[in-house]
Amino acid sequence: MLPVSNPSSPEHLLKKSRTPDSTTSIDRKNSFNSLHSVGNRSSYIAASRSHCTWLILSLLSLQLILFLTLRSIPFPHRHIPENFPSPAAVVTTTVTTTVISAASSNPPLSSSSSDERCDSGRVFVYDMPKIFNEVILQQCDNLNPWSSRCDALSNDGFGQEATSLSNVIPKDLVQSWFWTDQFVTEIIFHNRILNHRCRTLDPESATAFYIPFYAGLAVGQYLWSNYAAADRDRHCKMMTQWVKNQPYWNRSNGWDHFITMGRITWDFRRSKDEDWGSNCIYIPGMRNITRLLIERNSWDHFDVGVPYPTGFHPRSDSDVVNWQDFVRNRRRETLFCFAGAPRAGIVNDFRGLLLRHCEESRGKCRTVDCTVGKCSNGSSAILETFLGSDFCLQPRGDSFTRRSIFDCMLAGSIPVFFWRRSAYMQYQWFLPDKPDSYSVFIDRNEVTNGTTSIKEVLERYSKEDVRKMRERVIDLIPNLVYAKSPNGLETFKDAFDVAIDGVFRRFKEQEKWYKWR
């Protein structure tokens, strides 16, 4: 627990004698003067006692008021500073735990209305050394071995405005569309959580503690070329060392802490030095921390899948409603579609099989071949294809999930899955419990061996079935996108809100029945 530095209280109260000092003896020879002297002295004693009593009571009251006032003020915890070297250069960073000042991000302060809206809990954001977030962003030119990431990480992580989509989407929504990179959830979550109405500056009142470390961006620059395992692990080791020195981590052993890791979980699960990725999740200290990832390990309780960022970032509720109306009324002339690229050199490549299957479907399927264009962060061709199709095929990507799942659903197209781990076992906080209410599942093995035709399966759905499923997909849109407004939407809960609510719910449940020690 962070020690509160109470002001020095007085070591002792000011003490006054209850009786006056001894005086000269009374002259007994003059009884009148003697009686008069005694009377004066009695009055003096009574007055002195009264004044002393009021003085003591006043001091006690003042001390009580001062104690109660100062007790409510969070004071920074201080401990022995540690110095961490920057991966880019030898930089000395003094590590101290400080409470973020309200002026730094102007979080909503406590009020009766906000108290009512924060029944689920409050979140405290660690003020970490900048080497864990800001410095990483400042090195955006070096985060990718092939090109600069600066444009992709600009604009609070939303990227450049997608003005070229003006011929595809309603003009009044163009300002809500961006060329958003799929690996920027760390930036988006950090900016939003600093402005969250339930953020607290008092760690004693926190239900959850957020670690604003950009783990995915930090490791991304070391995933390729000839970097050693130590390079890929460096940032995460520094982070866990810092966090484990925080008193609130030590109080719970990390079970009420959470972090956003903006890549798939497998980028942080290296078992051997020669394997891919970092070993961040396996570093001591990470075991009990809840991790928000765009792809989770379905067998790890502490991994939570959150939606990939899409290009749509609504500014208000009206943006959401207008987009829902647009995709609901869109004329769809194609039964199904597929956007992707085959993987050369992979035996029985399923994506290549789907491309061939589409080509053989005689106008029922539309494709976007991503071998000849950039598809990872969306394009007008992909958006138009999804907007014009009833169903969109969603095989696994390089891992079990793809950003395309969310691009597809955002366009009001019904996803068709071939792996249950692509969505059903990934995004339980965001998708309905009944998968068939919004999606179709087809056994990939039956497609591969030719016993099942995708076209025939999808043609069995009536127009009314398709309408109901599409309506369910459209209803989900607010929960799958990240709002542009730093304070979120007015009444809709976006993906960030759903994630934070889930974290609060999980921590309250864990506190009752489940702690790893």
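Using the three backbone atoms N, Cα and C, a Cβ is placed for every residue, glycine included.
These numbers come from a predicted model, not from an experiment.
The N-linked glycosylation site annotation in Swiss-Prot covers N250, N288, N377, N449, and the record cites sequence analysis as its basis. According to Swiss-Prot, the feature region 'Disordered' maps to 1-31. Here Swiss-Prot flags 1-49 as topological domain 'Cytoplasmic', drawing on a curator's inference. Summarising the annotation, Swiss-Prot assigns topological domain 'Lumenal' to 71-517 and lists a curator's inference as the type of evidence.
Summarising the environment of N288 (N-linked glycosylation site), the number of other Cβ atoms within 10 Å of its Cβ, over all protein chains shown, is 18. For the glycosylation sites listed here (N250, N449), the lowest count of other CB atoms within 10 A around the CB belongs to N449.
A separation of roughly 12 Å, to the nearest angstrom, links the Cα atoms of N250 (N-linked glycosylation site) and N288 (N-linked glycosylation site).
A gap of 43 Å separates the Cα atoms of N288 (N-linked glycosylation site) and N449 (N-linked glycosylation site). N250 (N-linked glycosylation site) falls within a helix when secondary structure is assigned with DSSP.
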